[in-house]
Amino acid sequence: MEEIATEKEAEESHRQDSVSLLTFILLLTLTILTIWLFKHRRVRFLHETGLAMIYGLIVGVILRYGIPATSGHDKSLSCSQEDRPFSTLLVNVSGKFFEYTLKGEISPGKINNVEQNDMLRKVTFDPEVFFNILLPPIIFHAGYSLKKRHFFRNLGSILAYAFLGTAVSCFIIGNLMYGVVKLMKLVGQLSDKFYYTDCLLFGAIISATDPVTVLAIFNELHADVDLYALLFGESVLNDAVAIVLSSSIVAYQPTGLNTHAFDAAAFFKSVGVFLGIFSGSFAMGAVTGVVTALVTKFTKLHCFPLLETALFFLMSWSTFLLAEACGFTGVVAVLFCGITQAHYTYNNLSVESRSRTKQLFEVLHFLAENFIFSYMGLALFTFQKHIFSPIFIIGAFIAIFLGRAAHIYPLSFFLNLGRRHKIGWNFQHMMMFSGLRGAMAFALAIRDTATYSHQMMFSTTLLIVFFTVWIIGGGTTPMLSWLNIRVGVQDPSEDDLNETRWRYFRVGVDPDQDPPPSNDSFQVLQGDGPDAARGNRTKQESAWIFRLWYSFDHNYLKPILTHSGPPLTTTLPAWCGLLARCLTSPQVYENQEQLRDEDSDFILNDGDLTLTYGDSTITANGSSGSHTATTSLEGRRTKSSSEEALERDLGMGDHEVSSRGTRLVFPLEDNA
């Protein structure tokens, strides 16, 4: 009879597992259908993530109050002989041994409030599920879909906001919240320990911004590309900085009896931990991307797109797990792996694999993100250790507002001192407004809820995410109008870029760059238009950081890792000829006449351009002579300096001929 009862319990557990997973699938299905309805009706006051949270709340209420308790088999046993808990416990019941695993500590006051509903237990996931399964595709997609041209145009500002801004925000929020904790203790609202390091940890967790709602609306309305790049770049790197910063704060362990007092040695050790974890994770992600690029270059995997896509997927995902297994941070590793894959490996993939990898990670990103937001709504009612303190919650909202303000406005002021194109007040106000909290803050908060302070931090983080996604996300469109930020700025789509570029090049196609002109006749642009100003702005503001490594990347890394770039026989010294021939792919030699770097445009030297009017031939250097009535444009590619290549990488590669204030832009396509 006991065996039959055990089998029935196992079958019931399996059924409940299926029901819990089906619940989340139905939530995602309902969210997708509602998203379609909102897009069809052009509704922008609520984003898809907000919808997922609402549906999660509804299901959470049903599970909490609509399903009766089904489990009544819990019994407390005393084990006074042991002084520490065990992760696995073997219990002898009438001669039979049963294995039990540790789930966490329960305070004595809540010993009778242990969850008795098996269904609620099933829908409460292990926090490691978020980190090992749901976060990797979200973070990788952010790096893999990065618009390099707009990103590097504002690289200096993005790095300042992501690193300095996150650190400033963390310490301001942490110190303000420590004052709030002192106030709670003074008025008798603090029932357990809450240390200064806990406040700093909360500052690091809540400093992780996730303006997914704002960016989605920006993308739909085609908002200003520079503002989009600033927000997107900050949020991508900000998540990485926040998680490493939180790990460094956890590693802060002063010597002595008071383990939460300030200690200079422990502080510098935490700084070293931050630098070590970040640099190690960065190197691991970049190395994995480089290995994938080499494998896809020197094998014939492109002949089997399915195998190629599968290998790309597994290598990308394994980066996260490898970094975590080695003690680094998988979020940082998989982010830079995605950037490296997009910069190098993408060019070695077949056309089918390029499309498949983009679509695969886009779908995984969409499902994982909406799953997390659905679970957020569910967790408000299913999580059993919530601690809501009105003083702490109000103080947290004030602290994140002040931290965001101290992050955006002072940094923007100092950045504008060195920027030719200033970050306007309307951009600063929009960035201040767009500091939403989302999946990363939730995942960091739920990862450790063992203590009183961490439980209060998790509950407060959950409410902050709800407020920012619903209220701030819903107010994005009116705020854009109120701040007079331009919308409708059309940027060529990825499909258009690929289609245009594929007519000219067999390899080295970059989907993030502007396509060459494809009209049948040259364009005449009077004076210095906005394109020239944009090119100058790009060169002056963002290229100075990019130039530091671009020459090496253009002349050596891309020829080694991809099928694009100049042949290594022309860039390496003569005594490296054998190595250069081995590392240069045959495609480079076969397509040398038509091949160009993935990020470059054709270059016309003075001697390459000849205009003929009647019997007079005028060259770009001003010489003239008799000639037949033809117009010629040489299509051969000439060797350029690294600075010229850099300008082409950032979309400034149109070499123009000026004559009496008129600029002539000639087509790259030979229609003869």
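Glycine is no exception: its Cβ is also placed from the backbone N, Cα and C atoms.
The transmembrane segment feature in TrEMBL is assigned to 20-38 (among others).
Taken from TrEMBL, the feature domain 'Cation/H+ exchanger transmembrane' applies to 31-482.
Residues or ranges marked as transmembrane segment in TrEMBL: 50-67 (among others). Panel annotation: around the transmembrane segment (50-67), residues 23, 27-28, 30-31, 34-35, 38, 117, 119-120, 123, 213, 370-371, 373-382, 465-466, 469-470, 473-474 of the same chain, lying at least six beyond its termini, place a Cβ under 8 Å from a Cβ of the stretch.
Summarising the annotation, TrEMBL assigns transmembrane segment to 129-146 (among others). Same-chain residues lying 6+ beyond the ends of the transmembrane segment (129-146) with a Cβ under 8 Å from its Cβ atoms: 232-233, 235-236, 239-240, 316-317, 320-321, 324, 330-331, 334-339, 341-342, 357-358, 361-362, 364-365, 368-369, 371-372, 439-440, 442-443, 446-447, 512.
Summarising the annotation, TrEMBL assigns transmembrane segment to 158-180 (among others).
For the transmembrane segment (200-218), the list of distant contacts is 44, 47-50, 166, 169-175, 177, 227-228, 231-232, 234-235, 238-239, 242-243, 245-246, 249-250, 369, 396, 399-400, 403, 434-441, 444-445, 457, 460-461, 464, 469, 472-473, 476-477, 480: same-chain residues at least six beyond its ends, Cβ to Cβ under 8 Å. What TrEMBL records for 200-218 (among others) is transmembrane segment.
Residues or ranges marked as transmembrane segment by TrEMBL: 272-298 (among others).
Summarising the annotation, TrEMBL assigns transmembrane segment to 310-343 (among others).
Residues 24, 27-28, 31, 48-50, 52-61, 63-64, 120, 123-125, 130, 133-135, 137-138, 140-142, 212, 438-439, 442-443, 446, 449, 458-459, 462, 465-466, 469 of the same chain, all 6+ positions outside the transmembrane segment (363-383), place their C-beta atoms under 8 angstroms from a C-beta of that stretch. Positions annotated as transmembrane segment by TrEMBL: 363-383 (among others).
When Cβ-Cβ distances below 8 Å are used as the criterion, the transmembrane segment (390-409) is approached by residues 161, 165-166, 168-170, 172-173, 176-177, 179-181, 183-184, 187, 189, 202-203, 206-207, 428, 431-432, 435, 437, 456, 460, 463-464, 467 of the same chain, each at least six residues removed from its ends. Sequence annotations record features per position, and here TrEMBL assigns transmembrane segment to 390-409 (among others).
Marked as transmembrane segment by TrEMBL: 429-446 (among others).
Residues or ranges marked as transmembrane segment by TrEMBL: 458-483 (among others).
Look at TrEMBL and you will find 508-536 (among others) tagged as region 'Disordered'.
The annotation compositional bias 'Polar residues' is assigned in TrEMBL to 617-633.
TrEMBL lists 617-672 (among others) with the feature region 'Disordered'.
According to TrEMBL, the compositional bias 'Basic and acidic residues' annotation covers 634-658.
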Surrounding residues of the transmembrane segment (272-298) on its own chain - C-beta under 8 Å, 6+ positions past either end: 240-241, 244-245, 247-248, 251, 308, 311-312, 315-316, 318-319, 322-323, 326-341, 343-345, 348-349, 561-563, 585
